[in-house]
Amino acid sequence: MTSPSTSDKDRVVIFDTTLRDGEQCPGATMTHEEKLEVAEMLDTMGVDIIEAGFPIASVGDFEAVAEIAKRANNAVIAGLARAIPADIVRAGEAVRHAKRGRIHTFVSTSPIHLAHQMRKSEEDVLGIITATVAQARNLVDDVEWSAMDSTRTPIDYLCRCVETAIAAGATTINLPDTVGYAVPEEYRRMFKVIRERVPNADKAVFSVHCHDDLGLAVANSLAGVEGGARQIECTINGIGERAGNAALEEVVMAIKTRGDVMPYWCNVESTTLTRASKVVSAATSFPVQYNKAIVGRNAFAHESGIHQDGVLKNAQTYEIMTPESVGVKQTSLVMGKHSGRHAFQHKLRELGYELADNQLQDAFVRFKALADRKKDIYDEDIEALVDQELAQTHDRLRLVSLTVIAGTHGPQRATMKVEVDGKVRIDEAEGNGPVDAVFNAVKTLVPHEAKLELYQVHAVTAGTDAQAEVSVRLSQDGRSVTARSSDPDTLVASAKAYLSALNKIISRQQREAPVAAAS
């Protein structure tokens with residue numbers, strides 16, 4: 001994201017704390033291997049600093065930080081430490097083998113924390129800052145000091161703390177909105193005042209770290225930069241304590257998109273953001289909300305007819321960034337009751353249909369009626385609306401019978417009889433489990449190149465006699481089809497769903513073949 005017109009004074013350092021603050025989110029614990037995967041990803045996408053963990057918290061955390069420090073090629077690797085000598089020693093040991101290591105130490109500064117948590121006086125805390133920052137600086141050249149709960153700390157005392165930390169050797173000063181209490185103008189002003197009043201402020205980089213308790217984490221982070229901060233601490237997907245942290249993807253795209261009013265830049269490659277979101281979501285088992293900015297499923301999806309019409313004519317009518325800029329292939333037009341005729345026609349063309357005006361209008365009327373009754377409209381639903389012969393085409397493959405031999409030892413075996421274009425074929429196959437055997441039998445009887453993307457089983461009702469509803473998604477030539485089938489026998493339902501998906505692929509190929517030949 002660098003530009004010849006920008007300078008280092010306008011550069012914003014991106015400090016990712018997904019592996020430390022993000023993992024403190026209840027339920028978001030990652031395995032050692034998952035931490036290494038996330039760290040490698042962050043290192044390659046242009047993140048400047050990776051806070052890899054809290055080394056003294058556990059043996060596992062120490063080992064993860066140490067391993068990440070050894071492996072990182074680009075990013076500074078930071079280890080967190082309380083203002084306790086043993087913590088600082090442990091953090092120093094963890095980042096010792098990093099190409100560029102950092103110790104990040106912190107202490108509370110607000111009256112409520114000093115009185116009720118630390119039970120220390122203001123002078124006591126100033127002494128702690130001097131001693132612990134100096135200790136850290138003796139171990140590494142890069143030391144970050146944080147004033148915990150800085151936004152509820154009186155400005156005069158906060159200035160004294162910052163001056164003390166810099167004098168002791170801190171190279172970065174982080175002023176976190178620990179409890180998500182600040183509002184943007186207040187936070188911007190705090191940085192401006194401190195940088196003006198602290199005599200040695202020019203010897204350190206100032207940093208923001210904002211929590212989202214009031215939904216202002218990203219706004220506050222950007223306000224802090226306007227006040228003179230040049231490091232933003234954030235996490236992928238905004239995960240973190242309580243309501244979370246500033247989301248890295250939102251911070252990066254705000255800087256990239258609004259350069260007209262925020263003349264800053266950062267090193268993160270924006271096309272990696274969607275993949276990063278998915279990797280962290282999978283590692284933490286925390287799903288990304290559908291309407292999440294930048295990386296949510298609906299971030300580039302449009303259902304309103306007015307919006308769909310505008311996007312089809314010119315994407316910039318309703319999109320302030322391109323989906324490709326964040327690693328999404330294309331804008332998604334979600335077909336539903338709000339969709340207009342233009343978007344419906346566009347979807348039909350994607351599916352290989354070119355209808356006359358009267359046919360299009362008739363299909364559109366039936367589509368709107370279906371959308372009023374059905375929550376989710378799939379491509380297959382639309383195909384069924386406009387193809388009167390679709391049902392017969394889907395019956396080209398039909399399950400006649402299925403026998404599966406399963407046991408506790410050895411491979412499972414499936415014997416299947418399928419009707420293909422009116423002719424019965426029979427064959428058998430083995431697999432690692434009965435479902436695998438069934439699907440292998442289908443492949444033997446009906447050779448194809450489709451890949452299985454999804455296999456799900458749900459009980460339709462309660463009880464041991466419940467029907468099983470099986471969903472199968474197959475992909476071929478970069479396009480996917482989904483089919484469902486229900487049966488009291490899960491294996492029969494699985495076979496029917498798989499065959500139904502193949503029928504849809506065959507139907508699509510037949511429909512598009514004349515178009516391909518004509519082109």
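Count begins at 1; order follows the chain as displayed.
Glycine too: its Cβ is placed from the backbone N, Cα and C atoms.
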Mn(2+) binding, same site as Asp21, His209, His211 - Swiss-Prot member from Asn73, Asn237, Asn245 = Asn245
Request  = Would you mind giving the whole-number mean pLDDT across the region 'Regulatory domain' (398-519)?
outcome  = 84
Message = Under 8 Å between C-beta atoms and at least six apart in sequence, can you list the same-chain neighbours of Asp21 (Mn(2+) binding site), or say none if there are none?
response = Glu51, Glu233, Thr235, Gly240, Glu241, Asn245
Message = Just to be sure I understand, if DSSP states are collapsed into helix, strand and coil, how many residues of the region 'Regulatory domain' (398-519) fall in each?
response = 41 helix, 53 strand, 28 coil
Remark   = Counting across all protein chains, other CB atoms within 10 angstroms of the CB of His209 (Mn(2+) binding site) number 28
Request  = Counting Cβ neighbours within 10 Å across all chains shown, tell me which of the binding-site residues His211, Asn245 comes out on top.
outcome  = Asn245
Query = Taking the mean position of the Cβ atoms of Asp21, His209, His211, Asn245 as the Mn(2+) site, which residues outside that list, in the same chain, have a Cβ no more than 8 Å away, listed in sequence order?
reply = Thr17, Pro176, Thr178, Cys210, Ala217, Glu233, Cys234, Thr235, Gly240, Glu241, Gly244, Ala246
